[in-house]
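Working notes, beginning with the structure itself.
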Amino acid sequence: MQTHFIITSPLEQFEIVTIFPFSISGLNFSLTNSSLFLIIAVFLLLFWTSLSFYSNTLIPNNWQLVKESIYEITASMVQDNLGSKGEFYFPFIFTLHLLLLYCNLIGMIPYSFTVTSHIVFTFGLALSIFIGINLIGIQTHGFKFFALFLPRGVPLAIVPLLITIEFLSYIVKVFTLSIRLFANMTSGHTLLKIIAGFAWTMLSAGGLLAIFHLIPLALLLALTGLELAIAGLQAYVFTLLTCIYLNDVLDMH
């Protein structure tokens with residue numbers, strides 16, 4: 001585990017470090033910085049949800065307005081994409097939205113860890129959602145669900161080719177869903193570290209360069225605000241695409 005205060009490499013912030021080693025029968029169940037911050041995000045989600053139920057007032061304060069805004073955004077997303085049938089899936093979609101939002105925002109805290117910056121997490125989450133959505137489709141439509149891969153009126157000669165193309169375009173959703181979140185969070189945090197390192201180098205050099213370090217520092221502050229917006233946007237986009245994919249399965253699009 002790195003003990004120095006200044007991170008020397010822009011990619012060092014993504015290193016998974018074992019905090020508490022633990023294994024059973026050769027299986028590794030160690031607590032890492034990634035799992036630790038994921039647990040923190042889950043506890044924050046539970047805490048936020050409990051406040052939503054028990055700390056409301058007739059005249060909403062600023063904190064209550066934030067809670068209600070996130071709820072309304074998610075509810076509107078579900079209503080626009082799933083309609084009335086989305087009410088059954090709202091608890092899952094709302095939880096997913098909040099979890100990703102907290103994971104992204106926690107990663108903006110200096111010397112924390114961005115769980116969503118690792119493709120292992122985003123791909124695992126996207127694959128789990130994809131499997132669940134397909135199970136819902138099979139449960140809802142039975143074997144008719146597989147008609148998704150064969151549109152009506154297709155000539156028999158091109159059926160094998162079309163099924164292959166439709167199947168590949170269907171499973172690629174897992175990769176687009178996971179890579180989009182992973183790539184945006186990784187690239188944004190890397191850029192922030194590079195600019196922060198550049199500002200620190202200029203300040204350490206002293207003299208005239210120490211004065212001009214305010215330029216990259218101002219740029220860093222501006223990009224930090226932009227990255228905060230991206231953190232919220234990527235959580236929204238991931239959840240929105242989940243709603244769209246779920247609707248495609250329910251309506252056989």
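Cβ from N, Cα, C; glycine included.
Annotated transmembrane segment per Swiss-Prot: 34-54 (among others), in sequence order, evidence recorded as sequence analysis.
The transmembrane segment feature in Swiss-Prot is assigned to 89-109 (among others).
Per Swiss-Prot, the feature transmembrane segment maps to 118-138 (among others); the stated evidence is sequence analysis.
The transmembrane segment annotation in Swiss-Prot covers 156-178 (among others).
Taken from Swiss-Prot, the feature transmembrane segment applies to 203-223 (among others).
Residues or ranges marked as transmembrane segment by Swiss-Prot: 226-246 (among others).
Sequence-distant contacts of the transmembrane segment (34-54) (same chain, six or more residues past either end, CB-CB distance under 8 Å): 16, 19, 63, 67, 71, 95, 98-99, 102-103, 106-107, 112-115, 118, 121.
In this chain, the transmembrane segment (89-109) lies close to the transmembrane segment (226-246): three or more C-beta pairs between them fall below 8 angstroms, excluding pairs fewer than 6 positions apart. Proximity of distant same-chain residues to the transmembrane segment (226-246), defined by a Cβ-Cβ separation under 8 Å and at least 6 residues beyond the stretch ends, is recorded for 73-74, 77-78, 81-82, 86, 89, 93, 96-97, 100-101, 103-105, 107-108, 116, 129-130, 133, 136, 173, 176-177, 180-181, 184-185, 188-189, 192.
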